[in-house]
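Engineer: Pulled these from TrEMBL:
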type	residues	note
COMPBIAS	1-10	compositional bias 'Acidic residues'
REGION	1-162	region 'Disordered'
COMPBIAS	63-103	compositional bias 'Basic and acidic residues'
COMPBIAS	123-154	compositional bias 'Pro residues'
TRANSMEM	172-194	transmembrane segment
TRANSMEM	300-319	transmembrane segment
TRANSMEM	331-355	transmembrane segment
DOMAIN	356-408	domain 'HAMP'
DOMAIN	416-622	domain 'Histidine kinase'
């Protein structure tokens, strides 16, 4: 018998055995009522109460389990009652489900009432934790399991709302407005609080001056008042209230005297206020306080007044409407807020326009860059002004120029390589198609021709590799003696056959060059002179000083270079018509030029119909050596 696969603590696991982790001490007859050994028709736990959810808490104490072991009789008594259950099985109405619906027990609460009905008839006995029941062995419609709440998704990734995409212009404007708003609000709030504090201090000073005036009236009036009522009458009569002010005289806790003139508000009608003031001044001290009367914020001062020898007690009150005193400030602050809002709007408009003008070159950069592709890098961005944006535009234009040069150079290289490889491949294909394998002489001739053409292609590949290596390798310059270098190169070039090699002299100076690279380029010039000069002609190798450095040169007696071809021969696969048919890749002079440029120098050419003089001019110092990182790959 296997456990219920929907039960997380089901006994189908190898760790807990067949009965689950709650069936450790219970008898099998009690925990497996639907097993193969049970009598047919025996009711199972799930048929009676639906699937039981095991308690996900730690294992229950063993005492309740031991109490249940000797109580299998009620279970056996229910075995011979299969008929009612069999009658209910074919019924389509899910009555058991409706009986279980009013049981709102959470998954973690032990369903004690459902398990106690099988163990003992006493419903009041405390029931242990439920035992997970396996699936019923008898076929039939299984009852619908009680829905359990889904566990909280602890490992589910939190949903991230897409962040709003603000343009640089909007962020600049928002920053400007934020700073301006903080400044305006801060200045306004500070000014308002300072002015409000000053007004309230002035109100307190006015109230104190009213008490001083009352004291002067009661002590300096001739004749002096003889009763408390007379004294309060004189004070209220002579201390005239100012704007937003009133006064009141209290005798024995009752309002007796108030100003005869019209005042903005009165105090004599508020008995609770009068009682409060009398209580505050009962100790005989002057009281300064605030209250709210009739919807007004009142600041008042109360001073006790009495005449010696009389039993009456009097209080003089002077009060000022602080709300009215602050009304001018509030109106000024409203005006300030309106002006500040208009100023912020103006700042926003001006900032939007200025930011747009500043970012316009960047937008042009973006639009131009979006239009560019690998085949259209010739477009440039107009440079406007003389600021950081214009400097950025110039830098990007320079970068586009280098990219355009590199892409053009690569396309030209591919075209040149295709053209140079097309001829030997065509020759090889034609001879192989016409090859008669039965004729040894034909096979040998085709083999020799194929090897010769393959050698040509290998030489082409080697020259391309040499050109790329020359343009990508960093020049390692070191002080080099020109005379010694000239002797070494002449000794190596003089072994080339079929020509008379003549030493043309040297200069005794020291220059900072990469001797290996200069030797490579110089021998390339010597090899070209040997190829294109008549057999047995004289070739001169030497070095000399020129205005901008030192020149390593080779002079021959060849046919000369036409004026219109003198630039083309330094390009990849560039040839002169007179040189067609001579074996070579057309990359020798481009390699020489690349080495000269890498040293910060140049190539020189003097030619006539009687011969040519090729030279490599390098500066005397290493400061003029070109940085290798700026040279595009295989650039012309």
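Note that Cβ sites are derived from N, Cα and C of the backbone, with glycine treated the same way.
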Engineer: So if I exclude everything within five residues of the ends of the transmembrane segment (300-319), which remaining residues of that chain have a CB under 8 angstroms from its CBs? That is, six or more out.
Structural biologist: 207-208, 210-211, 214-215, 218, 225-232, 235-236, 239, 241, 245-253, 265, 267, 277-278, 280-281, 284-291
Engineer: Using DSSP, how many residues in the domain 'HAMP' (356-408) fall into helix, strand and coil?
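Structural biologist: Going through the domain 'HAMP' (356-408) residue by residue, I get 37 helix, 2 strand, 14 coil.
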Engineer: Between 0 and 100, where does the mean pLDDT of the domain 'Histidine kinase' (416-622) sit?
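Structural biologist: Averaged over the domain 'Histidine kinase' (416-622), per-residue pLDDT gives 83.
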